[in-house]
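Shown next, in structure tokens, is the structure this report addresses.
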Number of protein chains: 2
Amino acid sequence: MRTRPLKVALLGCGVVGSEVARIMTTHADDLAARIGAPVELAGVAVRRPDKVREGIDPALVTTDATALVKRGDLDIVVEVIGGIEPARTLITTAFEHGASVVSANKALLAQDGAALHAAAGEHGKDLYYEAAVAGAIPLIRPLRESLAGDKVNRVLGIVNGTTNFILDKMDTTGAGYQEALDEATALGYAEADPTADVEGFDAAAKAAILAGIAFHTRVRLDDVYREGMSEVTAADFASAKEMGCTIKLLAICERAEDGASVTARVHPAMIPLSHPLASVRGAYNAVFVESDASGQLMFYGPGAGGAPTASAVLGDLVAVGRNRITGTTGPGESAYAALTVSSMGEVVTRYHISLDVADKPGVLAQVATVFAEHGVSIDTVRQQGKDGEASLVVVTHRASDAALGGTVEALRKLDTVRGVASIMRVEGE
Amino acid sequence: MRTRPLKVALLGCGVVGSEVARIMTTHADDLAARIGAPVELAGVAVRRPDKVREGIDPALVTTDATALVKRGDLDIVVEVIGGIEPARTLITTAFEHGASVVSANKALLAQDGAALHAAAGEHGKDLYYEAAVAGAIPLIRPLRESLAGDKVNRVLGIVNGTTNFILDKMDTTGAGYQEALDEATALGYAEADPTADVEGFDAAAKAAILAGIAFHTRVRLDDVYREGMSEVTAADFASAKEMGCTIKLLAICERAEDGASVTARVHPAMIPLSHPLASVRGAYNAVFVESDASGQLMFYGPGAGGAPTASAVLGDLVAVGRNRITGTTGPGESAYAALTVSSMGEVVTRYHISLDVADKPGVLAQVATVFAEHGVSIDTVRQQGKDGEASLVVVTHRASDAALGGTVEALRKLDTVRGVASIMRVEGE
């Protein structure tokens, strides 16, 4: 074993960073044996230097993150600050000054992954980020390495624990959205401002990262269609149950059937209860990966939390540490396929549509005609009358999102259609 | 990209090998882009040279595997022959002549992994074997790399598809063992001689490999306790159902609570229906990994089959190919922890025991006394009388296998105990 230690700087010492520091100390011997050299915590950049941090030498703590990454003697910078700036500048500065980087920053990777990878490549350094997607669940490495000899066709997953907790609560207790959100907030699963989770921004960042790796194609955050789950109602869950389904907020990255283009999207969807994702409870994450040769694989585990995320960070730390010692770097970005990233209109799936309609003869015929005119084939229709009002529940065969959009627009113009109560995609069949 | 191709030799061209060759051809451009150099199939060693092999140039086919691995210009040898010899000699010869090796050979890795790793290390070559455990499911790489910064405490999994198919069939249809085995054979899930699967030899080899990687300790095949599932009966499934459980053949690798020793074992066990492994159907595999920081992770997918296994082989091929180009090698064997591998007697778990007893007063008191004398605490007892005969079903709290063994031996000596109908461990709680 090499005796000269690998010097590691930690940017951020919150929930994840403090766990990384703790494990680096308590498991120092194991890490050294697995890397082939001891690791030394060389500095910790924080915003609040006065906070007592158990197990961390106060002499290592600094508020000057820039000076820390410019030291020039660092082997690895662990970035667990999150957000775009100053994280982005600190990471590129770290590369310029000779360090490799391990990051848990999904927002930054989704927005600027290509530029960061380019900076890492230019300086011959590693950029690892297993912790950026689905916490402790090994997902980046399996997609990037284990499936490197296969052709991935679809990634379908629950990648946000907060929204899964809320939807699971609505499903199992019949609670409404607000009630379930309040419980998630009280238990610490949701943040004070839950927007990033419930509106799907967090999941969309992860979808962009996963799609990029799965399809060897640059997928930007803007390429990801995003629809949150704050408008899912108890009535939607009742409809789902009638279909033998439940509702999950899914991140879906798909290769089109012709193989030449891909899509990435985040939205609530009905999935059959028999699908393994349907039984993912609470704040857990799970991701299905479908490939030509391997068939269907699933990866399941805690998608967030200090210790699980730290586990992923430290796995990367070991890999990057080994690379430093052997003087090599890992696979890096792979975007050679450069497939077209299509918009949501190109997505083909099934739909569950609830319409409020006038309760009189001929309505179904009118509605069915609109579907037919837009080339959307109907699988089943269910009519329910109540006091002069009626509801019509239509489940379609597979159709493009554009065709469905046109259908709905035309339906809204029918006199007999009082309103479109809900539109939900049906996935996982 | 490097233009000089990586030369790959294929040892064995059966179900897996032919898929490897097929994908190497059809996905040649993707593999080249991902590795950074083209791959060239340089030779294929087979037993029956006359068989027509679609897509493989007959000029590449040879029956002289030894001459092939001695060529000296090979970069990577893919060994998918299986069994101990000639695979072992061919692999070591390949290392001696400058090639790295990708293998799917669980039996060989479990029996001689240490020697093969040593040979690889001596010659500065890679030995990768993701396909040896659980087919396409990424498991070796996540354990060896993703969790390299964590402390794995338990690996609990269904790692044999044949036996899972049989047990699933018994569970869902009420079929007996022989009937379910016959169906598995008819459908091609079981081999003509199913011994390696149903007696747990295959799962034991995988358990040895997984335990070695998870605990950074050499675990030999002989260290793995092994009990097959050919004696599981429909009555056992009925008992399991009464407990809210099902029965699975599990491979279990555990760190003892004191952290200083580990055990590895394969046997049928009851697991609660609420456990994710309980719902693994058909020939699928799934492995739970419990670690200090990451918590519970699960990996699920097809555990066998030509294409899934080829996917794992090709993932390794890409990794080893990259290593060749950058002039480095992967992590290699990690056995630094060198923990004690304890025998089955040290394993602590719960037990479900069915006794045939005389239907007269005092029997329960006698039986309970025997358990108490051996320090095995009883959780629940259920008595059922029928025509002078009675059965007693005892479920224990956690106890060592040695204590349970002593208890059962003493029970057999009681006049009032006519027989021990079944003993089954209860896991996953």
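Here the Cβ of each residue, glycine as well, is placed from N, Cα and C on the backbone.
All TrEMBL annotations are machine predictions without curation.
Feature annotation from TrEMBL assigns NADP(+) binding site to A:Leu11, A:Gly12, A:Cys13, A:Gly14, A:Val15, A:Val16, A:Gly17, A:Ser18. The annotation NADPH binding site is assigned in TrEMBL to A:Lys106. The L-homoserine binding site feature in TrEMBL is assigned to A:Glu191. What TrEMBL records for A:Lys206 is active site, proton donor. The domain 'ACT' annotation in TrEMBL covers A:352-425.
When the recorded positions A:Lys106, A:Glu191, A:Lys206 are compared by Cα distance to A:Gly12 (NADP(+) binding site), the shortest distance belongs to A:Lys106. Rounded to a whole number, the distance between the Cα atoms of the residue listed as 'active site, proton donor' and A:Glu191 (L-homoserine binding site) is 18 Å. Taking the C-alpha positions, the distance from A:Val15 (NADP(+) binding site) to A:Lys106 (NADPH binding site) comes to 16 Å.
Checking each of the binding-site residues (A:Leu11, A:Gly14, A:Val16) against A:Lys106 (NADPH binding site), the C-alpha distance stays within 10 Å for none of them. If you draw a 10 Å sphere around the CB of the residue listed as 'L-homoserine binding site', it holds 13 other CB atoms from the protein chains shown. The least crowded of the recorded positions A:Lys106, A:Lys206, judged by other CB atoms within 10 A of its own CB, is A:Lys106. Across the domain 'ACT' (A:352-425), DSSP assigns 23 helix, 35 strand, 16 coil.
The distance from the Cα of A:Val16 (NADP(+) binding site) to the Cα of the residue listed as 'active site, proton donor' comes to 18 Å.
A:Leu11 (NADP(+) binding site) sits 21 Å from the residue listed as 'active site, proton donor', taking the Cα positions as reference. For the recorded site, A:Leu11 (NADP(+) binding site), the DSSP three-state label reads strand. A:Ser18 (NADP(+) binding site) sits 23 Å from A:Lys206 (active site, proton donor), taking the CA atoms of both as reference points. Within 8 Å of the Cβ centroid of the NADP(+) site, not counting the listed residues A:Leu11, A:Gly12, A:Cys13, A:Gly14, A:Val15, A:Val16, A:Gly17, A:Ser18, the chain contributes A:Leu10, A:Glu19, A:Val20, A:Ala21, A:Val80, A:Ile81. Long-range Cβ neighbours of A:Gly14 (NADP(+) binding site) (same chain, at least 6 residues apart, Cβ-Cβ under 8 Å): A:Val80. If you take the Cα of A:Lys206 (active site, proton donor) and the Cα of A:Gly17 (NADP(+) binding site), they are about 20 angstrom apart, rounded to a whole number. When the binding-site residues A:Val15, A:Val16 are scored by other C-beta atoms within 10 Å, A:Val16 scores highest.
Taken together, the residues in the domain 'ACT' (A:352-425) have a mean pLDDT of 92 on the 0 to 100 scale. All chains included, 24 other C-beta atoms sit within 10 angstroms of the C-beta of A:Gly12 (NADP(+) binding site). Counted within 10 Å of its Cβ, the other Cβ atoms near A:Gly17 (NADP(+) binding site) come to 26, all protein chains included.
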